[in-house]
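Enquirer: Sharing a structure, written as structure tokens. Questions coming.
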Amino acid sequence: MQTFLKGKRVGYWLSEKKIKKLNFQAFAELCRKRGIEVVQLNLSRPIEEQGPLDVIIHKLTDVILEADQNDSQALELVHRFQEYIDAHPETIVLDPLPAIRTLLDRSKSYELIRKIEAYMKDDRICSPPFMELTSLCGDDTMRLLEENGLAFPFICKTRVAHGTNSHEMAIVFNQEGLSAIQPPCVVQNFINHNAVLYKVFVVGESYTVVQRPSLKNFSAGTSDRESIFFNSHNVSKPESSSVLTALDKIEGVFERPSDEVIRELSRALRQALGVSLFGIDIIINNQTGQHAVIDINAFPGYEGVSEFFTDLLNHIASVLQGQSSGVAGAGDVAPLKHSRLLAEQAGGLAAERTCSASPGCCSSMMGQEPPWTPEADMGGVGAGSTAKLPHQRLGCTAGVSPSFQQHCVASLATKASSQ
């Protein structure tokens, strides 16, 4: 057993539904076997009374959204949480609240992806054009759509990327269909991808790719089809069987995602936001073979990730070891160590594939100043050309204070009314 873990304390706050779905008590038991004390936090009490805490794991997405709606109880919970973080910059937070707010806003997360792709300059990546609609469609809507590179058919999603309603989407095929769009929302070009979605589940330096069913191909351009309304969660369930996912035939390119591309995208998001627990939805354009990021999720469900608890514990051990050895200073973003590709083929699960990243594996991301650093756009959580830590704990170095990090993220993060 790694002796440096003994006596460490990990606090967590998850909804009861999330705890049951993940069977998080099993993770707590796994931690205890390694000498780590696990504490379920009660945000209705001062966190100070429940500390000290070396690590906090949370999914406060519901609470943050309620606070943004001026719910007094949620505002108090978020304030109490932030107050503890500000008072204890040594505590590792998985994941920072400003980053979570960015991922809760599809418009902002899509803009971040656009900047990351422009920085990476990788022809294998080309996510669809998007645009935010803040008012009902009017006479100039078509002009705005065209100016932003959008063309029929396109997919319409809620701006908020969390909650039951966030899965309610529509495919619009013509101008008449615009009348049913309810702002605020984000519209995104629909890319044919042979009805296959790849869900990338990231835990620190590890990630697992799981194949899921997705929407079938549709003809490009305007058509007289009526808009299709659907729930993306239902469509992309592992066992989903729907007329929307029934592919008549495979068209054009049918390729697997590149492990290298996924590794660099994951690493770039970790660098830009300082997140450790997130999911990326990727499709492969059946005309070009390019990877397209169509959504990013904070602390997803990790369905199909059999080693989630092991990966999470290893990540916690890694960041705690870095903290205790003094190597967790600014400037280090370790390349992703391995991935597991659990693609569900017609005959069942494909064999697990592991990739160990060498120091040069992500060379295209090294030695360049990314556009999301403060000097470039005030959109990231770094300073100058300094790369941020994979776990990006708030105030993890003397040179980066919590208030400065929050300021740096402000142009991309959704600001809650509690702040």
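Every residue, even glycine, has its Cβ placed from backbone N, Cα and C.
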Enquirer: Can you pick which of K6, K8, K33, K199 Swiss-Prot lists for the same 1D-myo-inositol 1,3,4-trisphosphate site as K18, H167, N297?
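Expert: 1D-myo-inositol 1,3,4-trisphosphate site check in Swiss-Prot: besides K18, H167, N297, the record includes K199 out of K6, K8, K33, K199.
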Enquirer: N192 (ATP binding site) has how many other Cβ neighbours within 10 Å of its own Cβ?
Expert: 20
Enquirer: Fill in the CA-CA distance, K199 (1D-myo-inositol 1,3,4-trisphosphate binding site) to R106 (ATP binding site), as an integer in Å.
Expert: 17
Enquirer: Taking each of N189, S232, D281 in turn, which of these binding-site residues have a Cα lying within 10 angstroms of the Cα of H167 (1D-myo-inositol 1,3,4-trisphosphate binding site)?
Expert: S232
Enquirer: I'm trying to understand the geometry here, so how far is the Cα atom of S232 (ATP binding site) from the Cα atom of K18 (1D-myo-inositol 1,3,4-trisphosphate binding site), in Å to the nearest whole number?
Expert: 19
Enquirer: I'm trying to understand the geometry here, so how far is the Cα atom of D295 (Mg(2+) 1 binding site) from the Cα atom of N189 (ATP binding site), in Å to the nearest whole number?
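Expert: With distance taken Cα to Cα, N189 (ATP binding site) is 13 Å from D295 (Mg(2+) 1 binding site).
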